[in-house]
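Feature list (source: TrEMBL):
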- A:6-34: transmembrane segment (TRANSMEM)
- A:46-71: transmembrane segment (TRANSMEM)
- A:77-94: transmembrane segment (TRANSMEM)
- A:110-134: transmembrane segment (TRANSMEM)
- A:154-181: transmembrane segment (TRANSMEM)
- A:193-215: transmembrane segment (TRANSMEM)
Amino acid sequence: MTTAAALWWAVVASGIYHGVNPGMGWPLAVSAALMDRSQSSLFKAVGALAAGHLLAMGAILFPFTALLFVAQWQHEIQIAAACLVIGLGVWLFFNRRHPRFLARVPPSRLALWSFLAAMAHGAGLMLVPIYLGICRTVDTDAGHAAAQALMTSTAAIAVGVALVHTLAMTLSGGLMAFGVYRWFGLKFLSRSWFNLDLVWALSLILVGAISLFMAI
Amino acid sequence: MNLRPDPTFHATPKLAMEAPPETLAFTLMLSPDGSRPDGLAVVDVNPKSDTYGQIVHQVIMPNTGDEFHHFGWNACSSSLSPLSGHAFLERRYLIIPGIRSSRIYIIDVKEPLKAKIHKIIEPEEVFAKTGYSRPHTIHCGPEGIYVSTLGGGGVDGTDGPPGIFIMDCETFEILGRYEMDRGSQDKHYDFWWNLPRDYMISSEWGLPPQFENGIVAEDLLANKYGHSIHFWNLRQRKNVQTIDLGENYQMALEIRPAHDPSKDYGFCGVVIDTTNLQGAIFTWWQKDDGTFEAKKTITIDPRPEKAENLPPLLKGFEAVPPLVTDIDLSLDDKYLYVACWGLGEMHQYDVTDPMNPKLTGKVELGGIARGTKHPNGKTFAYAPQMVEISRDGKRVYWTNSLYSTWDDQFYPDDEGGQMVMAHVGEDGGLTLAEDFFVEFPQGYRSHQIRLEGGDCSTDSFCYPSV
């Protein structure tokens, strides 16, 4: 498998990881469907969660796209991004309290909640090293492409990464929600919910460390 | 922090009903004259145990004069919403406020038979951080632990309105006031909510000078106690509607929303209608346009009585008012239990149709000028008051004291703290259990009961029971 393919699979895997975690919102889709007694509310809620998540991915990835325009600093940017991800992981490792402002978001505004939850937990940041890695493979393939073309291709990759990740997240989270709603019942919720706070912090550190290793 | 959600957290009320039955109850003990420290009693409620119906552990506080009343858990089933971010809290601590001292105790009951004080929040901290006093009802919710208060600032608690404050659910640090826009709310008592629908309801008793030294008869006859319920946008912290039940409906106390969050109604008990001494229950509901309405759906008549048999306070009326002081709703939203602390009765209503409750069971015990004995032959002091229902809805527990100074006015000759239990029949009906009669130590009265693993007035559910 090429590096690029492996990195794209990492984008998909992180999407599934975010999707199946109840903390990222799929139980809210079950709740919406049961409250409204309507299956379509489940899909609407999953859609709102996806929209918020996609926006959060974009909000994190695009600033890096802009930074990559300064092509000669690509290497430094990758190191800085890796350090940032490791830093967030370390912080979340020691500070496992969830931000209280998230509890102020009304249940009717799922997209906003999903956006804020993804931002607060560094879900977007986790993708940055992977994204930069993919950009590097393209860059190497293209050789010394014109700045304009490079910018376009890195922007396209950012869109691609955000979309593929969110699609994987939405499908896996949606399947969980649908399965619980139609077959498993809500007992499954407390049975399938694991405290991933520590694993989450460690995954950030791991992703950052691999990226740092590759950059150096 | 747990690695899995606490096994006592349940997504739906139905799942909570199917959970194993309670084996222990926690009951508050208060020293009515403040001569001794208040305490928490751990009562064995497991019928298979050798110590069934006995107090198996006591936590006695280091201060006197707290006056324990209501209390609650640090965490409950409301944690199972991803919106709260608290899915891995433990149901481990009981938050016990002193309504006279404004001191708050955090009791660690992880090992119930070794329950111990975890933290004490001194009154000065409550005053300084909230401007409120006399903390009362505890609920665990989206932003942490919500605590209602009965008093504002100042020595007599009338400097500013009372309200709700929020505590951190992990450190138990007081974070500050809840309200951003309280509207016309100027008194406080109980509160509860519907989490997915994002509204809260609060009620009114009276201001501290109206209750601390006893009921003020002139204020009652002048309809000066609380008679409104307030509806709030829970997360915006804004009072969106106030319903005045009518000034004769004095003391709108317990708020009991349907446990299933897909139901958009609930109940509120009114102690006394000053026009006819009746007790009343209102059903409130949310309309399609999001606003609320309330309607009286239960009335309980007073009982005529000769003046010579009545305490001085009631002689002029020649009647015993029912005094609806506590209500509680079973987890299936089927039965509403109504304590008539004046009459000495516990009523059970089928509220499957919340607009047309039907009386399905009744137990007589204690009561003003009647003093019905327990079927086991023992005398029951005062009358049924704070009521708690087992999660499965099959057992109903209650204690007998209302509030130190009020007990003495309505029952000048009674004394003693007791806790009893009644079995619920398959198709309704209530029968007192002869083998369960807890007598609290001499000099103590008893108030609210909490059941191990949650009960019918602590847990808020985020998912409907379909």
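A Cβ is built for glycine as well, from the same backbone N, Cα and C atoms used for every other residue.
Of the two recorded stretches, the transmembrane segment (A:77-94) does not lie close to the transmembrane segment (A:154-181), with fewer than three CB pairs under 8 Å once pairs fewer than 6 apart in sequence are set aside. Nonlocal intrachain contacts for the transmembrane segment (A:154-181), taken as residues 6+ away from its ends with a CB within less than 8 angstroms of a stretch CB, comprise 8, 11-16, 18-20, 22, 24-27, 29-30, 33-34, 39, 42-43, 45-47, 49-50, 53-54, 57-58, 61-62, 64-65, 68, 127, 130-131, 134-135, 138, 188-189, 192. Residues 3-4, 7-8, 10-11, 14, 18, 23-25, 28, 32, 45, 48-53, 55-57, 59-61, 64, 68, 74, 77-78, 81-82, 84-85, 88-89, 92, 98-99, 101-102, 157-158, 161-162, 165, 200, 203-204, 207-208, 210-211, 214 of the same chain sit 6 or more residues outside the transmembrane segment (A:110-134) yet have a Cβ under 8 Å from a Cβ within it.
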